[in-house]
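K.L.:
Dropping a structure here in structure tokens format, bear with me for questions.
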Amino acid sequence: MNKKLEQLEKFKTNDKNPVYSTTNTGVSLSDDANSLKAGPRGPTLLEDFVLREKITHFDHERIPERIVHARGTGAHGYFLSYKDHSKLTKADFLSKQDKKTPVFIRISTVQGPRGSADTVRDVHGFAVKFYTDEGNYDLVGNNMPVFFIQDASSFPDFVHAVKMEPQNEMPTGGSAHDTFYDFCGLKPESAHSVLWVMSDRGIPISLRHQQGFGVHSYRFINQEGKSTFVKLHWKPLSGTCSLLWDEAQKIAGKDCDYHRRRFWEDIESGDFPQWELGAQLLDEDLQKKFDFDILDPTKLIPEELTPVIPLGRMVIDRNPDNFFAETEQVAFCVSHVVPGIDFSNDPLLQGRIFSYLDTQLSRLGGPNFNEIPINRPVCPFANNQRDGIHRMTINKGGASYFPNSIDKGYPLLKEPSANKGGFRPYPENISGTKSYDRSETFEDHFSQATMFWNSMSQHEKNHIIAAYTFEISKCSRPEVRTRYVNNILVNIDSVLAEKVAKNLGVKIEPTSTKPIKKIMVKPSPALSQPNLLSGDIVSRRISVIIEKGVDYDDVINFKDDMEKRGAMVMLVSSTLAQVECSGGEMLSPKGTIIGNPSIFFDAVYVPKSTEEATKILSDDGNFLHYILEAFKHLKTIAFGGSVSVIKELLRLPQDHGLLLGNGYKDITEQFFYSLAHHRVWERESKVSKIPA
């Protein structure tokens with residue numbers, strides 16, 4: 001157990017222990033199911049303080065949800081530094097090899113409220129709180145390295161535009177509506193980020209299969225006081241991959257908690273999600289070679305120009321004991337930094353430094369939110385802040401000011417030093433004329449958007465075209481659709497614009513006479529998800545369909561083989577009743593075909609069975625739909641023995657992800673190979689006629 005979990009234990013209670021029920025003030029209760037009345041059928045009495053306390057507390061159980069990132073899930077873990085990075089930063093948690101620091105992670109969607117679905121198309125928040133020996137450090141980022149706006153002044157406008165429309169509070173959990181595309185069509189700096197959302201990055205297959213980014217440029221300050229600008233990255237050890245859009249929509253309807261459930265179950269089973277933290281180092285000489293400004297949050301730095309240097313590994317290994325107390329009350333603030341880490345002049349970052357702190361005051365009830373157990377640092381903390389709503393600390397002593405002599409000057413100030421000193425901002429030289437002007441280096445809104453488009457594989461480009469078509473078609477105003485195609489997409493790529501325009505019935509207008517600032521940028525292979533797979537099947541989910549007459553050995557041997565490779569295998573049947581195998585053995589399914597559809601899995605295996613079992617499956621419409629849907633979603637499917645006739649029954653065209661054999665031995669290696677490649681992309685052009 002790490003320091004943070006040990007600290008939280010002091011605040012926990014176990015109501016399963018043999019204790020008596022009491023009021024909030026400790027008075028034992030003799031009745032907690034009936035109100036106090038004047039006779040069995042008489043009116044309820046005002047003096048019933050037990051009833052009033054219970055109802056009053058219930059009436060105030062909810063707190064304001066986050067304005068953005070309301071829908072999220074979190075868990076505990078630890079960060080392990082790979083080595084002593086003190087030449088880069090004096091931050092203590094990176095100061096020596098194998099130094100272990102407790103963390104809490106929260107991953108979220110942006111647009112929807114707490115009750116929205118997990119698998120909507122959206123940016124995903126990726127926030128990590130490090131409980132370091134020098135105080136809390138919050139790295140508050142997203143699963144995309146760029147943002148929609150360049151200056152914090154536009155943040156309320158952006159959020160108002162993407163959120164549900166004010167007249168009808170729709171749509172929930174999506175950006176496919178007029179106000180968002182009206183804003184973005186008039187705000188070309190959003191082009192790059194919207195393109196990322198329309199890509200497969202907007203619909204990750206699971207929370208553990210997405211990258212995280214710090215978005216902004218930060219400073220690392222080393223022991224000598226030298227500053228280096230950095231961009232911070234989280235790379236999942238599980239690889240990076242996504243759902244298909246049709247799949248994501250269906251999952252949202254059949255299990256709106258799909259992402260959080262999968263994350264929770266992985267942790268409970270001991271299959272811990274892991275990410276590697278890395279940094280791109282941006283010294284001044286290197287910055288001069290860039291055609292963009294590192295202070296512009298709508299830009300990324302291609303890894304081909306500046307590699308990501310690994311710093312350490314994060315392991316998420318424990319679920320919360322109470323969602324509200326931990327995940328809902330955790331407060332991430334961009335302003336939470338430690339010695340060795342400092343800010344840049346990114347104008348969006350500068351506004352976030354204020355905004356994240358400010359929003360906690362209303363959401364968590366005042367300035368003492370850092371005293372809530374999940375937010376407390378694990379190192380000693382003391383200052384002259386006093387009182388306020390929900391104060392938990394009892395301060396002794398007569399002085400609450402600095403300087404003082406009454407309490408011998410305590411708490412003392414710590415001088416900045418090379419090691420474990422007090423925080424002092426980097427002494428940056430600043431000069432300039434006060435103005436609202438934006439730097440000319442921020443004016444190129446399309447070069448990197450085009451780079452991202454050109455970096456995509458063909459199937460990724462097809463998905464982007466389909467996503468724009470779906471989203472913009474939901475806009476009811478023709479002028480919004482026309483403007484976005486002509487103001488934004490035309491300036492990203494002509495093929496993209498032409499195909500989306502055709503799908504929307506929009507006419508591409510003659511090229512504007514107003515020139516746009518744009519340069520050629522080489523494609524970046526590091527941006528394409530097929531290049532980011534892990535090469536294994538760890539944490540992948542496989543459905544094994546069993547009915548009466550299935551071959552017991554084939555099921556067990558396949559299951560054992562896949563689980564040894566790190567996959568999760570579930571036996572699925574038409575009912576939850578035990579299934580009698582061909583040799584008389586019994587198997588217990590863990591899910592039903594209807595309750596655990598193919599969209600919940602990455603691959604399907606139909607084991608060797610008797611002709612009776614094959615007949616049962618062939619006559620089961622739910623099963624046939626199951627296979628058709630898995631095929632349409634480009635998943636690996638294998639049939640063993642006589643059940644291979646189902647392939648012919650469904651007229652499925654052959655490809656390398658549709659496997660036939662006499663049992664698990666014939667298909668195991670091909671199954672692994674196909675699943676490790678995530679989806680059978682060559683199949684995508686063939687599935688348009690599949691009625692699933």
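Just so you know, glycine gets a Cβ as well, placed from its N, Cα and C.
The structure displayed is predicted, hence computed values, not measured ones.
Quick paste of what Swiss-Prot says about this protein:
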type	residues	note
ACT_SITE	His69	active site
ACT_SITE	Asn142	active site
BINDING	Tyr356	heme binding site
K.L.:
From the Cα of His69 (active site) across to the Cα of Asn142 (active site), what is the distance in angstrom?
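P.N.:
Rounded to a whole number, the Cα-Cα distance is 10 Å.
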K.L.:
Can you tell me how many other Cβ atoms are located within 10 Å of the Cβ belonging to His69 (active site)?
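P.N.:
Cβ-Cβ neighbours of His69 (active site) within 10 Å number 22.
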K.L.:
If I restrict to non-local contacts, at least six residues apart, and a C-beta distance under 8 angstroms, what lies near Tyr356 (heme binding site) in its own chain?
P.N.:
Val140, Phe332, Cys333, Val334, Ser335
K.L.:
For Tyr356 (heme binding site), name the DSSP secondary structure in the helix/strand/coil scheme.
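P.N.:
Helix, per DSSP.
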